[in-house]
Amino acid sequence: MKKVSVIAAAVAATLAAGSAFAVDFHGYMRAGVGVNADGGQQLTFEKNKVGRLGNESDIYGEIQLGKEVYNNNGKTFYVDSMLAMTSNGSNDWEGTAANCGLDGTKVKCVDDAQFALRQFNVQAKGVLNFAPEATLWAGKRYYQRHDIHISDFYYWNISGAGAGVEGIEAGPGKLSFAWVRNDRNDNFNSGMGSGDTPDVGNGGSVNVNTLDVRYAGIPVWENGSLEVGLDYALVNETEDASKAAKDAKDGVMFTAELTQGLDSGFNKTVFQYGTEGYSKAFAFYGDGSWYGAEARDGASGYRFINWGVIGLGDNWELGHQLVYGVGEDMWAADHKWEAMSAVVRPVFKWDDNHKTIFEAGYAIDDNDGDENKYGKLTVAQAWSAGSSFWARPEIRLYASYLTADKADNSNTFDSGRSDDTFQFGVQAEAWW
């Protein structure tokens, strides 16, 4: 009996230790294999504009581990972390070591895979006496991201290293404040795409600090809510900065998002307006994290978005996006860039685990009258863990047709020999 008691105590201690060291485990992945009718691997083509189904050539994954490390008298501290990786899936072993080969007469080296630290932060709740319901945070994190899943298009996302307070109860809604760093680490000249190193005094990049304030959860009518936010991009150049960096202007971005809950889904309508460098976000499907500091003084832009998912009877669901964005005076006076996109994804559910998915996308980039047009048609058979539009994991067998009509009559596919192409493959996607 004594031996049994010792074993029981050991088992109990082991279980208790396991509970003490348990962590929250979340993640995302997509991976698969595909080929292109022109030869070679499948490609990714303007997926933010024409849709992502059957249009992703990468392997991408996120592993998120978090743990509540303190909980006492209503006060909690939580440590969160995330690692991400991406590759083209070309080999069994994909790491950071460079693979070198001949590219014509030159040796070209590329990394098989890239790894990144996407999140590492501390979140404290109940520690602010004036707002015990709010969360105080600092570190690197995904910050209240807004995206359209069917095109992988993030339209409001200032994620990065920073600090803030979120979820302060204020009237009918909740207030959040954040300060996030979004440096420009590429070269630019004012009014052009490349040139001088922006700021030698800051490691070659221009320091951009984004100040963000949001008021969310404002009830407007039955099942309808409003979120509004303001982002201020502060360009913080040093004395060693280039003239272009010193001439760069701070910018403001305003966002309003109306969410309407429906009996069988939801719909979101978004309006955004920005000045100076934020004008480029609306012309080029940006999210506010990349600030176009080289934009011409006085540039501005705006964007309208409508997207959502709705059930159509017992067997059909439909996801869609409509985007219209404008950037004005970005490079020269009276210059206008218009970006337009329409994507629909109807899903027919055969049973709880089997679907047929269609996706069609069409987009136009109008550069002062010079139009580039893009299109995509995809059909896929999918097996998923449930019948919902959002059910994952999901394995898909797909075929896609891609087309491009350029203003300069150049060809996009088959190494510049064709204006359309076809590809097929298999992809798995999961989140947990």
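Keep in mind that glycine also has a Cβ here, set from the backbone N, Cα and C atoms.
Annotation source Swiss-Prot lists signal peptide at 1-22, citing sequence analysis. The annotation site 'Greasy slide, important in sugar transport' is assigned in Swiss-Prot to Y28, Y60, W93, F266, W390, W431. The feature site 'Important in sugar transport' is assigned by Swiss-Prot to Y154.
Spatially, by CA atoms, the recorded sites Y28, F266, W390, W431 include one closest to W93 (site 'Greasy slide, important in sugar transport'), and that is Y28.
Mapped onto three states, the DSSP output places F266 (site 'Greasy slide, important in sugar transport') in strand.
For Y60 (site 'Greasy slide, important in sugar transport'), the nearest of the recorded sites F266, W390, W431 in terms of C-alpha separation is W431.
Spatial neighbours are here defined as Cα atoms within 10 angstroms of one another, and by that definition the neighbours of W431 (site 'Greasy slide, important in sugar transport') among the recorded sites Y28, Y154, F266 are Y28. Look at the recorded sites W93, Y154 and count other Cβ atoms within 10 Å of each Cβ; W93 has the fewest. In this structure, W431 (site 'Greasy slide, important in sugar transport') is part of a beta strand by DSSP.
Candidate recorded sites: Y154, F266, W390. Nearest to Y28 (site 'Greasy slide, important in sugar transport') by Cα distance: W390.
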